[in-house]
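Visitor: Below you'll find the structure I mean.
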Amino acid sequence: MSSPSKKLLANVRRIVPPMLERFHKGQLGRVAVIGGSAECAPHISLQWHLQGLSHVICEPSSATVIKSYSPNLMVHPILQSSNTVSSFSNSPLPHPHARALAEPVLSFLSRLHVLVIGPGLGRDPVTQEIVTEIIKEARSREIPLVLDADALLLVQEHPDLIHGYTECILTPNVVEFARLAKALRADVSSMPDSDAGKSEACKRLSNALGGVTIIQKGPHDTISNGMVNIVCDVRGGLKRSGGQGDTLTGSLGTLLAWRKAYHEGLWDTGESEASGGRELSRQDIEEDLSICGYESGDDGERDGDKPKKKLSRPATLLLVAWAGSAITRECSRRAFMAKGRSMQASDLTDEVHGSFLDLIGEPEGTKL
């Protein structure tokens, strides 16, 4: 593993909550996935293994399938679609009652730390209108968002929904990235097909969206918030199966919940608060990512050193994006080594715990 990757992993470990007896149910993460339609259900993976409380908000017809995944899931079949709203065919777009139709979900948001939108969502017009209202409300409440799959279509058609909302992560594949860039008129077509070219393209698209963090999936995952670019070069598997992206969105949901706990001081990190009151520069964020807060240990290992100051929010958001990518790629590598060509997205689930321990590991203070 490269030295930059080791340094990033050392910083990721700082935002992972230790397992303490005083924590109670839900403190380490209340995350909901909005997805699951008449056509498809999300393949739920990582967050169900690592966080506190796991919710799925879905269309009624997919609820039974999703419930069969695990008894640990709390499934809420309250997402409306044209199958459940008979008056939609006579209503213009945007739907005049979209806000009212979204109300059962909106009233649920106060219970959540993070919202993941897109896996298995589908493109039903009623559902898309309702999800638009959900994104607006989540943004007003400053709830971190992860948008993938069909949720990216909403961004493509209505970029103002998330423009400038820096608590949001998009996870487009190559095709989705190109569509977003075209819709936003981001000049990326002239970029060379290299890591440097992809980083610049990712940066341009992020800037076109006002600094939203983007993970561009590919042979190496490229991550940018419009100021700082990082690349995840953790080796992945060679098989691409439908549903693998849900492992990424799941891991991001979990990591964002841990990030929230870190910044709210849920446990004593031994760090001093970072100086506030000014906008962070690119150099500030890059210094955070290079673990300049450590007195020594420039290979990224802890070596008993204590960080002097807390990581900034922009830095931890980039770390979440990078760590989600790294864990997903490691799960894919392990699953491919075990199953080869027969590997399916569900095989990644069995590799989650080992991948987490090997890459990040339990933080100091955890008693197992």
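Here the Cβ of each residue, glycine as well, is placed from N, Cα and C on the backbone.
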Visitor: GLY120, ASN173, VAL174, VAL175, GLU176, PHE177, ALA178, ARG179 bind (6S)-NADPHX in Swiss-Prot, but which of ASP233, ASP246, ASP268 does that record place at the same site?
Guide: ASP246
Visitor: Counting only residues 6+ apart in the same chain, whose Cβ is under 8 Å from the Cβ of ALA178 ((6S)-NADPHX binding site)?
Guide: VAL188
Visitor: Among the binding-site residues GLY120, VAL174, ASP246, report those whose Cα falls within 10 Å of that of LYS217 (ATP binding site); none is a fine answer.
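Guide: The binding-site residues close to LYS217 (ATP binding site) (Cα within 10 Å), listed in sequence order, are VAL174.
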Visitor: By the count of other Cβ atoms within 10 Å, pick out the sparsest of the binding-site residues GLU176, ASP221, ASP246.
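Guide: Checked GLU176, ASP221, ASP246; of these binding-site residues, fewest Cβ neighbours within 10 Å: GLU176.
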Visitor: Name the secondary structure element type, per DSSP in three states, that contains ASP221 (ATP binding site).
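Guide: Looking at the DSSP assignment, ASP221 (ATP binding site) belongs to a strand.
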